[in-house]
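Engineer: This is the structure I want to talk about, given as structure tokens.
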């Protein structure tokens, strides 16, 4: 009988094989996922629907924390307390229902129990809507402010929690058994998230209130001069880019290139900080790209001309790419796979960017027709991250909890396949040679040329292309 | 020889693929947000449309109190599902149907009062008081704009129609708007946007003049356009579909295509060139943002002294006395535009007015009459002349 606490996690131990040949698994799953997305969107989020959580911050908080809980359950706890035998034998539909229900229950417990009741009653008042109401705020904004704070915490955790698994390889607790390992990593990443929250978001929350809460937070915040705004959206930008890059690194990049580092501590440290560096590059580019397309931001304006919105839109744009990345990885079989890893990585990056760009354009052209939202880029209460993360959550339920049912099924990996998985963590398929060095230089020059070509073309795109009429 | 070349070529390709990503990222990170990157951005040339000038503009605040109890209004929005819920479904008067929050519809509401508007507004509102949520909370936004030409002749315009039939009729009578409408003295009605508190009082205007030329943004939803018809309108409806629409010499309508809370799209604001003084901006709610309007005017319009003289109206910053750090960006930045007079009210919010005053901006204070709750800004019955 198989037991828990095995050396290989459940997600690593299984191989998903297509139930039908050709594109049918992807087609069927895509249709089902979009159907499920729309049904659940209508029930939970849609402003015309049943529960109408898209207030917006309540719905925003819920979809983000669901994402975290899915990551915790699948990646950090390796599905503990569920036994591997049950995971291997239960019907995917049953698993999907049970694991999602457990995640939702844990999310509610965390939001209500920890953030509102403990943190909001014994630490920081703005986490508890009742306290804000008692101080004279309307019930609506009391709930919105508290939800915003809880949501921002989730944004940070959505980067740090998976990063500890993907980049740091669970070190130094990788040999602990479950649930000790899971609890330890959750506590550590939660603690780190709390520190990052205090350094990045607390000042944002503190200036929501009049007068600025200068005795409990740094106001005006230290990033004001650099980011050209006092809004914490500046941090949302780079933190969301970190979240996206973690999954890019884990999925379509197959942990390349940091997995070439053979020394454990150096590989893990390089991965962790490398993800941040890549994210910062992406963040600054996406902000600059908006300035090139729409004109330089003007502080104090609203909507798409305002720096705070542009920083937010950096994160939103990054999440559109994540949709493309995960779709390619989950339903496109991480195509292509036949070339060397660096070439595969480059091609997948380009393909996923194309998918992300297509999703971005389709979203802004059509979302107002079916999501209960309005057309336009910068409605102050509309956050495209809500539907995109909602969709990503459904991807995760389907692929992590349901083994890709109905298009795919899970089978145990062979010993060779498990070794291949291990080779992704520490790889040796690319070795230093003079030719590699020449290629690196030539590629870097070409990459820089592509970058400058793109920023040269962007103003022209801004003048000639209209996505939202 | 061939065997040696193949690995070399493979290694080169591997390196090139890796380098391509690295080089792109390097450019993105090192250059994108640098001063050098911004130094190469070209300045957009100002177009500065010449729309003439006027001698003065006087604004009378007929009503700036769109609602009287913030908790009730926000509570209704909350109960209906938040800020994205369609305003016609919330079950506010005059589109209440007695089915409770978020169960309203344009059709149900208009069916209950269609025969009464615009002739018997008292009966229509009384009917709705039995069906709608918090009907006594409704007020409205409307102001009278008097433009004095360079030769001294005066022209009157009504900006917005308010909300509550009862409240707006009282307010119109208080400022003699009813007589001005009936006599044709008011040359046009300009609907800034489709929001309940600016537009749903439309039948009150129709009661006194249902042929008045009316301007409306082309982003009005089907219900809004139907409401204009159902209110008995028989005049010349001018749908604004261009960014700049001259109204008369020195008076320009500027159209902004912006999605707005409670499913409304677009706003029209007004710009006036005051001879020898500069530009005055007047808005209903300014959902596009006052500095967005300012920067648009700076780019697109020609005005005296090339300076901003004054602003009047709702600036939509903290309408529900809510806050966001981006509003502080506005408070911090407004000073750069050097307005000589700031006549804000309505959805600007009292908190914003307080912060403007603390920042030393020339906010024109009011008299806090006719249910305006604070003298922090221009209230009901107050006037300002630019």
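Cβ coordinates come from backbone N, Cα and C, glycine included.
Annotations in TrEMBL come from automatic prediction, not curation.
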Engineer: Match it up for me: which of A:309-333, A:409-433 does TrEMBL list as transmembrane segment?
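Structural biologist: It is A:309-333 that TrEMBL describes as transmembrane segment.
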Engineer: Of A:3-23, A:24-44, which span is tagged transmembrane segment by TrEMBL?
Structural biologist: A:24-44
Engineer: Mind checking which residues reach the transmembrane segment (A:56-77)? Cβ under 8 Å, same chain, six or more beyond either end.
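Structural biologist: For the transmembrane segment (A:56-77), the list is 9-11, 44-45, 99, 102-104, 106-107, 110-111, 143-145, 147-148, 150-151, 154-155, 157-158, 161-162, 164-166, 178-179, 181-182, 185-186, 189, 381-383, 385-386, 389-390, 392-393, 396-397, 400-401.
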Engineer: Do the transmembrane segment (A:97-127) and the transmembrane segment (A:383-401) come close, with at least three CB pairs under 8 A (pairs 6 or more apart in sequence)?
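Structural biologist: With 3 or more qualifying Cβ pairs, these stretches touch.
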Engineer: Other than its close neighbours in sequence, what residues sit by the transmembrane segment (A:24-44), given a CB gap under 8 Å and a spacing of at least six beyond its ends?
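Structural biologist: Long-range Cβ neighbours of the transmembrane segment (A:24-44): 18, 50-51, 53, 59, 62, 331-332, 370-371, 387, 390-391, 394-395, 398, 404, 406-408.
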